[in-house]
Amino acid sequence: MIKIGIYGAKGRMGKQIEECLKSETQAQISILYDKGGNLEELFEKSDVIIDFSSPSGTHELLNYARTMPKPLVIGTTGLDEKILHLMQSASEVMPIFYATNMSLGVAVLNYLASKASQMLKNFDIEILEMHHRHKKDAPSGTAMTLAQSVAKARNLELEKVRVSGRDGIIGERSKDEIAVMSLRGGDIVGRHTVGFYEDGEFLELNHTATSRATFAKGAIKIAIWLSKQEAKMYSINDFLGI
């Protein structure tokens, strides 16, 4: 049995992973860690660690991991360039999987959106994400991943073409503009729409998550897989083989 440590165990995703691991036949919980816990114990007793914490928590985890390398599955969103660079550096001595969404359906959405962006070159692109009222970051990490993918498919630099809101008399939409909009309310687990719009027709690709168990089960499958991999950075495409 693979021993999985949950970093950020008191959060919504941490609790969901704990619940899903109770019925898992290939893995079991080693340590439930939250802020103020014993990091040394977490690393000593775990074969792999799943992180759904906060940017500051992920930063602390990566710094400690250099002293006791273990496979890390990181699903925390809102990470800045400094933390992403630290993650890349740490992957030289341990396998690290990073994704803003652990859903296999979202991975396919990302793949399809990239292909559609290439094929529908004259279509306007708009991205809409919806989440529960408690979500702290906006746009969602998944929405930004989708935006990066469709921009890259058109050889565009996202930071130069992204629009995060519209208000007042702003003029016509530019050709390369990619809007990423956020809605918050209720208990929506997650919904992402990538729309491609042209005169006379439009195509919308949608993914809706109805339960956090979707992300938790995905993270567990990835953790089991990652425990057998060599030191480097991995993405959802590596896991799926696409």
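Including glycine, each Cβ sits where the backbone N, Cα and C put it.
Other Cβ atoms within 10 Å of the Cβ of Gly8 (NAD(+) binding site), summed over all protein chains shown, number 24. As annotated by Swiss-Prot, NAD(+) binding site applies to Gly8, Ala9, Lys10, Gly11, Arg12, Met13, Gly75, Thr76, Thr77, Ala99, Thr100, Asn101, Met102, with the evidence given as sequence analysis.
DSSP assigns His131 (active site, proton donor/acceptor) to a strand segment in the three-state reduction. Around His131 (active site, proton donor/acceptor), the same-chain residues six or more apart in sequence whose CB sits under 8 Å from its CB are Ser140, Ser182, Leu183, Arg184, Ile188, Val189, Gly190, Arg191, listed in sequence order. Feature annotation from Swiss-Prot assigns active site, proton donor/acceptor to His131.
Here Swiss-Prot flags His132, Gly141, Thr142 as (S)-2,3,4,5-tetrahydrodipicolinate binding site. Using a 10 Å Cβ-Cβ cutoff, His132 ((S)-2,3,4,5-tetrahydrodipicolinate binding site) registers 13 neighbours.
The active site, proton donor annotation in Swiss-Prot covers Lys135, and the record cites sequence analysis as its basis. Under 8 Å, Cβ to Cβ, and six or more positions away along its own chain, Lys135 (active site, proton donor) finds Arg184.
Nearest Cα neighbour of Thr142 ((S)-2,3,4,5-tetrahydrodipicolinate binding site) among the listed binding-site residues (Gly8, Arg12, Gly75, Thr77, Thr100): Thr100.
The distance from the Cα of Lys10 (NAD(+) binding site) to the Cα of His132 ((S)-2,3,4,5-tetrahydrodipicolinate binding site) comes to 18 Å. Other than His132, Gly141, Thr142, the residues of this chain whose Cβ falls within 8 Å of the Cβ centroid of the (S)-2,3,4,5-tetrahydrodipicolinate site are, in sequence order, Thr77, Thr100, Asn101, Glu129, His131, Lys135, Asp137, Ser140, Ala143, Gly190. Considering only the binding-site residues Gly8, Arg12, Gly75, Thr77, the residue whose Cα is spatially closest to the Cα of His132 ((S)-2,3,4,5-tetrahydrodipicolinate binding site) is Arg12.
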